[in-house]
Amino acid sequence: MNPGIEKYEIRFDFDLKDFTYTSHERIHLAGDWKDIKLDAVRLSVDKVTCNGQPMRFETGQDTVTVKGSFHDKDVIDIDFHAKVSDTLMGLYLSRTKEGTMITTQFESNGARMAFPCVDHPAYKAVFAITVVIDKDYDAISNMPPKRIEVSERKIVEFQDTPKMSTYLLYIGVGKFKYATDKYRDIDLILVSLKDIKSKYPLEIARKSIEFYESYFGIPYALPKMHLISVPEFGAGAMENWGAITFREVALMATENSGSIMKQNAAITIAHEIAHQWFGDLVTMKWWNDLWLNESFATFMSYKTVDSFSKQWDVFADFIRSETGGALRSDSLKNTHPIEVDVKDPDEISQIFDEISYGKGASILRMIEDYAGYEEFRKGISKYLNDHRYGNAEGSDLWTAIEDVSGKPVKRVMEYWIKNPGYPVVSVVKSGNKFRLTQEQFFLDGTRGQGKWPIPLTVMTKSGKKAMLMEESAEIEDMVKVNVNSSGFYRVSYDGESFETVMKNYSKLSNLDRWGLISDLYAFLISGRVSVDDYLARIKGFFEDSDHLIVEEIASQLTGLYLLKPDSNRIRETAASYLSRQVVALGDKQKGEDDKISKIRGIVTQDLAMVDDHFASDLARKFSTLAEDPDLALAKSIAAAKAYGISELASAADKYTDDEIRVRIIAAMGWCSPSDLKSVFELIDKGTIRKQDMLYVFSNMPANPKGRDFFFSNIDRIVALMEHAFEGTGYTSRILETAIPYLGLARYEDVKKKAEQIRKPSYNVGINKGLETLEIVRKLYNKL
C-alpha cells in the first residue's frame with residue numbers, strides 16, 4: 001500500500017493580541033512510511049509522538065522529518081507554534097478600518113506555512129479542524145460547525161471535510177457580518193467585515209450552482225458555501241472547498257453597480273464555483289495539470305454567466321481577454337506548453353498565467369466546437385463521475401470526450417497541450433481555389449516550424465464547414481477562415497483573399513471581425529504588415545460601432561501611442577478615433593445597455609491617456625466619481641494628470657466603496673514624477689493597501705512620465721511586491737509588463753538591471769519582458 005495521509009486533526013489556538021497560535025496536530029497515516037518528511041515553513045515544532053511514544057525529528061529549512069519506520073493506521077501527534085503571517089500567503093493577518101481578520105491562502109504551496117503536512121495535491125485527506133478564539137470572534141472553515149462551546153473562550157469544532165487536497169483547506173477568524181440565502185438545502189452565506197449592501201453575489205452563486213448541477217449532472221457536494229470578502233488578498237479569488245475567498249471588490253457588487261463591476265464580479269464568482277467540481281471534487285495529480293483546473297473554470301465561468309445574462313455578450317470579453325491575451329503571450333519564444341513540467345515550488349506561481357488560464361480555456365472552446373456541444377458536456381460529466389474525490393490527469397478528460405464523440409480528441413489535444421505556441425494559417429487564392437498552409441507564429445517575425453492538427457472551420461457561401469487540417473488544405477469556397485474565432489490560431493490572407501473576406505463583412509459576427517483586427521495588430525508587431533498598411537487597413541474598421549470592435553481598436557491605438565507618444569501620426573490617429581467614439585457614445589442614459597456604459601468608460605479612459613487637453617477638461621468632473629462608476633477610472637486618470645496625487649489620496653480616503661477606491665489607486669500611476677515618490681508614503685500609511693500596490697505599479701511604467709521613477713526605484717518596488725505577494729507570481733507579471741516600456745529609453749541599463757534583480761520566483765517575467773523589449777524596439781523605430 002502506497003504511503004498516504006488518511007486524516008488530519010488540527011486544533012488552532014489563536015492569541016488575538018499578538019497574533020500567534022499554538023497548535024496540536026494529529027496525523028492518521030495510510031500505508032507504510034520510512035521517515036515522514038512533512039512540509040513546514042516558519043513553524044516551530046515542539047514535540048512529536050507516534051502512537052503516544054516520543055519520536056526523534058529533524059527540522060530543515062522548509063521541512064520537518066519524523067525519523068523511523070511507520071505503518072498503516074499509525075498516529076503521529078505534533079505540537080507546534082507559529083506567528084500569523086504579515087504577507088498575503090499561508091495563514092495571515094488581513095487588516096482594514098472595519099477590523100482585523102485571520103484568513104488563509106494555501107494555493108499553491110501555502111498550507112505548509114500554517115501546519116506540517118504533505119503539501120502535495122495528490123495527497124488527499126480528511127480534515128477535522130478545531131479553532132479556539134476570543135468569544136466575540138467567529139470562525140469559518142470548509143464545513144459547518146459540529147460543536148461550538150463558549151466559556152472564557154470560544155471553541156469551534158467543524159465537521160469533517162470530504163477527502164481533499166491541502167491547498168483547499170480554509171480557516172477564517174473575525175468579527176463578521178453576514179447575508180444568507182438558500183439553494184435547495186445548501187446554505188449560501190456572504191461574509192464581510194463591512195456592512196453588506198446587497199445579496200447580488202449570492203444571486204450569482206445560486207444561478208451558478210444551478211447551472212453547474214444541470215451541466216455536470218452532479219449535485220454540489222457540501223452542505224454550505226461561504227463567499228468570504230477578504231480586505232487584503234493577493235489572489236483575485238480562491239476556490240477553497242465550501243469557503244471561497246475573494247477580494248472585497250468582487251463581493252461588493254450590487255444591482256446598481258457599474259456594468260464593469262457587475263460583470264467582473266459575476267465571472268469571478270462563477271469561476272470559483274466551477275472549481276467546486278473541477279479542482280475540488282476532482283483534482284489534478286500534480287501542478288503540471290494546473291491548467292486543467294484553471295482553464296476549465298475560466299471557460300465554464302463565461303458559459304455560466306452567458307446562460308443568465310445574455311445582454312452582456314460575455315463571449316466577446318472572453319475572446320478579447322482570454323483568447324487575445326493568450327495569443328499575445330504564446331507568440332513569444334519564452335512561452336511554455338499548456339502542460340508544463342513543474343519541479344521547483346517557486347515555479348508554480350509563475351504558471352498561473354495567460355497560458356494556463358486563457359490558452360487552456362480557448363483550446364477547450366475549440367475542442368467543444370470540434371467534438372460538439374452535447375458530446376463535450378457528456379464527456380466532462382463522465383470524467384467528473386469517474387474521478388470524484390480523487391485525482392486525475394488531462395489524458396483522462398480527453399479519453400472521456402473521445403469516447404463520447406468518436407473523434408480523435410486525445411491525439412489533437414495531446415499535441416496542443418504538450419507543444420508551446422500556435423500556428424498561423426496562410427490563405428492564398430490560386431485561380432478559383434484557396435490554398436491553406438500553416439507555420440508557427442512568432443511575434444518577433446521569425447518563421448517557425450510545427451504541424452498542428454488544427455480543428456479548422458471555414459465560413460462558406462453555403463454555411464460552416466469543419467475539417468481537421470494536418471499540414472495544408474485546399475478549399476473551393478471561402479468567406480472567412482476560423483468561424484467566430486473559435487480556433488486558437490491566426491489567419492493571414494493574401495490581397496485577393498482579404499478582399500473576399502471584406503466583401504462579406506456584413507455577414508461576419510463581431511467575434512469574426514475581432515479576429516481580423518486582432519490578427520492585423522499581431523502582424524504589425526511581427527513585421528508581416530507595415531505601419532502604413534496597418535493604418536490603412538485599421539481605418540477600414542473605424543465605422544464599426546460594435547462594443548467588441550471599438551474596444552479592440554481603442555486598445556491597439558492607445559497601446560501604440562504609449563509605446564511612442566511623440567509619434568504624431570499615431571497620436572493623431574488615436575486621439576481622432578477615441579474622440580469620435582466618446583462623442584458618439586454621449587452621456588449615460590437611464591436604462592441604457594450595460595455594454596454601452598462599459599465601452600464608454602474604456603474609450604474615455606484611453607482618451608484621457610492620449611489627450612492632455614481632454615484630460616484637463618475631464619478632471620473637472622473628478623468630484624462626481626460615484627455618478628457613473630464605469631467612468632471612475634477615466635476621471636481618476638485625468639485628475640492624476642491635472643491635479644496630482646494629493647487630490648487622489650484625499651479621494652481614496654473618502655471612498656470606502658472599493659468599486660471607486662481601487663480605480664483611484666490605479667490612477668495614481670499616472671501622476672507626475674514629482675508626485676510618484678508619495679506612493680511609498682501612501683503604502684506605509686495604508687491609503688494604498690498591500691493588495692492594491694500592483695494596480696499602481698502596473699500603471700506607472702505605462703505612463704510615459706512615470707518610467708524614469710519606476711526604473712530608479714525598481715529595487716524598492718520589487719522588494720515591496722515580493723513581501724506582499726509571496727508565492728503569487730504578481731512580481732513576475734509586473735516586471736514582464738514594465739521592462740519593455742522602461743527599456744525603450746535606456747536599453748542597456750534595463751538589461752543590466754534585469755540581470756541584477758533576477759530571482760527564480762520572477763525569472764519567467766524577466767525573460768518575457770526582455771524578449772518583448774527586443775520586439776517593441778523594432779516597432780518603435782517604424783512608428
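Positions of Cβ are set from backbone N, Cα and C atoms, glycine also.
Residues or ranges marked as active site, proton acceptor in Swiss-Prot (evidence: sequence analysis): Glu272. Sequence annotations record features per position, and here Swiss-Prot assigns substrate binding site to Glu107, Gly236, Ala237, Met238, Glu239, Asn240 based on similarity to another entry. Annotation source Swiss-Prot lists Zn(2+) binding site at His271, His275, Glu294. Under the heading site 'Transition state stabilizer', Swiss-Prot lists Tyr357, citing similarity to another entry as support.
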Which one is it, among the recorded positions Glu107, Gly236, Ala237, Glu272, Tyr357, that lies nearest to Glu294 (Zn(2+) binding site) by Cα separation?
Tyr357
Checking the contact step here: among the recorded positions Glu272, His275, Tyr357, which have a Cα within 10 Å of the Cα of Ala237 (substrate binding site)?
Glu272
Let me check the 10 A CB neighbour count of Gly236 (substrate binding site). How many other CB atoms are there?
16
Between Glu272 (active site, proton acceptor) and Asn240 (substrate binding site): CA-CA distance (Å):
9
Tyr357 (site 'Transition state stabilizer') has how many other Cβ neighbours within 10 Å of its own Cβ?
24
Given the substrate binding site residues Glu107, Gly236, Ala237, Met238, Glu239, Asn240 in the record, what is the largest Cα to Cα distance, rounded to whole Å?
13
Ten-angstrom check, please: count other Cβ atoms within 10 Å of the Cβ of Glu239 (substrate binding site), all chains counted.
25
Per DSSP, to which secondary structure element type does Met238 (substrate binding site) belong, with helix, strand and coil as the options?
strand
Please tell me which one of the recorded positions listed here (Glu107, Met238, Glu239, Tyr357) sits closest to His275 (Zn(2+) binding site), measuring Cα to Cα?
Glu239
Spatial neighbours of Glu239 (substrate binding site) among the recorded positions His271, Glu272, Tyr357 [C-alpha, 10 Å]:
His271, Glu272
Which residue, of the binding-site residues Ala237, Met238, has its CB surrounded by the fewest other CB atoms within 10 A?
Ala237
